[in-house]
């Protein structure tokens, strides 16, 4: 069996995910998304008309054959926990399949909140060891992408690595937000710097840097040993990017895995898709791209479905109002339970149970679930948070000064509207 595994990639693709456990780091606050994450963790933020951001990492695990998953939570975890309990409870424990929720909790040493990404795993080592996995896949729960982790596991084993880091080129002006690495001809990582002020460029491309995606594969025993050493290091910040990966790099045990090798794409000629929707503009832009004629991310790929909690909702409905005006939409995503009455929706994303009343014009907007838009409103280049009631005649996205005074307006001109902001303006939020 061992000999067959070494020579047969198909056998490796089947066996390695079974021998692995995935740990999804889902405790991030996502402060750059402003008020959108005041009451929910970033992985629980809505995306793409019906999903949550964490659904992408979870779906990648399932589609890759990894059915032992731990989700490490911390900040504002209730919404996230509720979503996973409702939408991801189909695993068969008798077949050793599960999604374990691992919240931050008081332990013997007195820690409560996780001190860093590595500490989030360290504090749960007693539970993780019980999984008896040979490989541990560490994932961020707040990125949008499709990846076959079994291909990364194969790469890890074939290179004889103790740690493998997924990477991709990014524009050098954006590289300061990532861990940046240099590799040799065998893709061994020879240098790793976390979020450098002056990121080094790639040898063959001075305009780009080779960035870590925060996706790691470890030999399990090696990871546990590293984490125990790091836990006892008073000078450590207990973070994978700042402490663990540089230490492994110095030991010559870390290898890079180019993301294009495992990125799942319907069109092999397209650019590999991976987004950190950590700012309001990036979030708005990534949502609206899904409504374009040919989106960069294919959500209709039946061979790599993105799963989520599916509510029992009626179909979306477009109706005439009493004046005879038709509800119309163009280049938009409109989810179940929506009703558009005598209004026009263009290049927008409407999540479930959104109601747009008569004489409205919605353009380049993202409306989260249960938003109610009163008559004669104009909404443009905005994100409307869940269950907001937009009063009759309100105009958003046309006057920069007024938008900044009433709501949050980003430097790029994207407006975020929440229930609390509307209440401060004197608008009731109960229908």
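Backbone N, Cα and C atoms are what each Cβ position is placed from, and that goes for glycine too.
Among the candidates 39, 42, the residue that Swiss-Prot annotates alongside 419, 420, 421, 422, 423, 429, 430, 431 as binding beta-D-fructose 1,6-bisphosphate is 39. Checking the candidates 201, 209, 212 against Swiss-Prot: the one annotated together with 114, 179, 194, 195 at the alpha-D-glucose 1-phosphate site is 212.
Per Cα geometry, 52 is the residue among the binding-site residues 52, 370, 429 nearest to residue 114 (alpha-D-glucose 1-phosphate binding site).
In this structure, of the binding-site residues 212, 429, the smallest number of CB atoms within 10 A of the CB marks 429. Overall, the recorded alpha-D-glucose 1-phosphate-binding residues 114, 179, 194, 195, 212 cover a maximum inter-Cα distance of 22 Å. Residue 179 (alpha-D-glucose 1-phosphate binding site) carries a strand DSSP state (E or B). Checked against residue 179 (alpha-D-glucose 1-phosphate binding site) by C-alpha proximity, the binding-site residues 52, 130, 431 yield 52 as the nearest.
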